[in-house]
Amino acid sequence: MRKYVIMGVQGSGKGTQAKMLREDLDLAHISVGDIFRWHVRQHTKIGAQVKRAMAAGELVGDDLVEEVVRRRLGIHDWNYGFIIDGFPRNGRQAEFFMESYDIDAVIHLELPDDEVRRRVLSRRLCPNCGMDYNLIADRPEVEGRCDICGHGLITRADDTPEALEARLTDYHEKTRPVLELFRRKEVVHDVDGRPPVDEVQSAIRKTLGLSGYRADD
Ligand code: AMP
């Protein structure tokens, strides 16, 4: 059983790297942001509560976030473990989490703010199948269309310059201190988020003592 947290500023590749680990290790990938986006799309009561904060790039209230995480982890579909992305994001969430679960490792993807801005503002998403694109590194074959399902691509509501600046400020003020809490427990693995996706994945596996990534073969 492996219990991992993946942390890093928006655009650092958390979601992509978490999905790669999930596929190979049979982990449940739990993204709090994805859960909230699902609620917004489905127009649920939770969706109505989080929509405004999300679009502004602000953090959602801790009570609601903890409830969503507790409920998600209460579905015991993680026989081989989980990798959680986008949580915890502040000291209170970290304490709640550490009280309830033993974490094996925190993967910290490091990326300078300028690179974050460059990446995030060129990010596109398929609202139909969830595939991510990047107009710099990972362009769709046909402009504006998903390679997998052909649906039109959109920009995430919170990938605007204003919302991004709000998220960067929150990250530096609130989320960075969480890393320091985890560092005291000696579970943090710092990984450079700048290289290509496969190289980052290899570096993560190396530092976690896992077998190499297929792209190395
Ligand atoms: P993400 O996809 O992780 O960037 O999350 C998108 C948005 O969901 C964030 O900008 C917040 O509004 C909200 N959110 C996700 N995770 C959390 C969290 N742990 N605490 C508070 N808000 C969150």
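Including glycine, each Cβ sits where the backbone N, Cα and C put it.
Annotations in TrEMBL come from automatic prediction, not curation.
Taken from TrEMBL as is:
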- GLY11, SER12, GLY13, LYS14, GLY15, THR16, ARG123, PRO195: ATP binding site (BINDING)
- ARG37, GLU58, LEU59, VAL60, GLY86, PHE87, PRO88, ARG89, GLN93, ARG156, ARG167: AMP binding site (BINDING)
- CYS126, CYS129, CYS146, CYS149: Zn(2+) binding site (BINDING)
- 123-158: domain 'Adenylate kinase active site lid' (DOMAIN)
- 31-60: region 'NMP' (REGION)
- 122-159: region 'LID' (REGION)
- Secondary structure split (DSSP) over the region 'NMP' (31-60) reads 22 helix, 1 strand, 7 coil
- Sorted by position, what residues of the same chain at least six away from GLY15 (ATP binding site) have a C-beta under 8 A from it? SER31, ASP34, ASP85, ASP132
- Among the binding-site residues listed here (CYS126, CYS149), identify the one with the smallest other-Cβ count within 10 Å. CYS149
- Query: Which of the binding-site residues GLY13, LYS14, ARG123 has its Cα nearest to the Cα of PRO88 (AMP binding site)?
  - Reply: LYS14
- Among GLY11, GLY13, THR16, CYS129, PRO195, which are recorded as binding-site residues, the nearest neighbour of LEU59 (AMP binding site) by Cα: GLY11
- Message: I'd like to know which of the binding-site residues listed (GLY15, ARG37, CYS126, CYS149, PRO195) lie near ligand 1, counting only a CB under 6 Å away.
- Response: none
- Between the binding-site residues ARG37, ARG123, ARG167, where is the Cβ count within 10 Å the lowest? ARG123
- For the domain 'Adenylate kinase active site lid' (123-158), the DSSP helix/strand/coil residue counts are 0 helix, 10 strand, 26 coil
- Considering only the binding-site residues GLY86, CYS126, CYS146, which residue has the minimal Cα-Cα separation from LYS14 (ATP binding site)? GLY86
- Item | Output field, Zn(2+) shell: CB within 8 Å of site CB centroid, site CYS126, CYS129, CYS146, CYS149 dropped | PRO127, ASN128, GLY130, MET131, ASP147, ILE148, GLY150, HIS151
- Query: Quick one, of the binding-site residues LEU59, CYS129, CYS146, which Cβ has the fewest other Cβ within 10 Å?
  - Reply: CYS129
- Task: Counting other Cβ atoms within 10 Å, pick out the least crowded of the binding-site residues THR16, GLN93.
- Result: THR16
- Item | Candidates ARG37, GLY86, GLN93, CYS146 (binding-site residues) - the one closest to PRO195 (ATP binding site) by CA | GLY86
